[in-house]
Amino acid sequence: MIYLKKSFNSTIKVKEMAPEERPREKMLAKGVKSLSNAELLAILLRTGNKNKNAIELANYIINRDIQGIRHLEDMTIEELCNIDGIGLSKSTQIKAALELGSRVASFKPIKYKIMNPWDIQRYYMDSLRYLKKEVFKAVLLNTKNEIISDVDVSIGTLSSSLVHPREVFKEAIRRSASKIIVMHNHPSGSVEPSREDKNITSRLIKCGEIIGIEIIDHIIIGDGLYFSFKENMII
């Protein structure tokens, strides 16, 4: 049962709160997007502990780390269980909800067509923006600019020695791709291209001209931001 503290230390049930203040009722009346992160988490928790109601407990969990709601993804079930009021049942519900959201975000529709740099960043943003290591990816396109496949070329600190043209073009040749968009993430969140980023791009473009498979863009993904070499007329 969820409780809300009164100023004189007695408690009232959340069901006795004004309807517009209750997370479930608020969601039904105004839509799920009207809820704060704490209210969404409170719906999963359902109850609080002896000192906090569900919303207060949700706020406490979110504010335990500077990353806010995002740090829940890195927490284990055991770590969640160590929080007062969070047992095995609530911990598994939280982790299941996070995984479901992650799978929805990473779902890739078949034959997704790329019309501009915004399309490609939208397609890959959620799967790359939170990674703690740099991942260099080659996205393979057909003649209609539809995604055929993608391949992780390297994982780790980006350098021309790790991003070898052979690995970029090998799968493209096998899949009969006509174009390639290369992309990688910056774990720092910044999307400013480094000198190494530019050198790698130039090298791949030259190789593509020889092979006959065009590198049409290089996208850098940051924390909700992106940088397109094509949009910025670097290529």
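Just so it is clear, glycine is given a Cβ too, placed from its N, Cα and C backbone atoms.
Here is what Swiss-Prot says about this protein:
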- 113-235: domain 'MPN' (DOMAIN)
- H184, H186, D197: Zn(2+) binding site (BINDING)
- 184-197: motif 'JAMM motif' (MOTIF)
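With DSSP states grouped into helix (H, G, I), strand (E, B) and coil, the domain 'MPN' (113-235) comes out at 39 helix, 36 strand, 48 coil. As a whole-number mean, the pLDDT of the domain 'MPN' (113-235) in this prediction is 91. Within the same chain, the residues at least 6 positions away from H186 (Zn(2+) binding site) whose Cβ sits under 8 Å from its Cβ are E134, I220, I221, G222, listed in sequence order.
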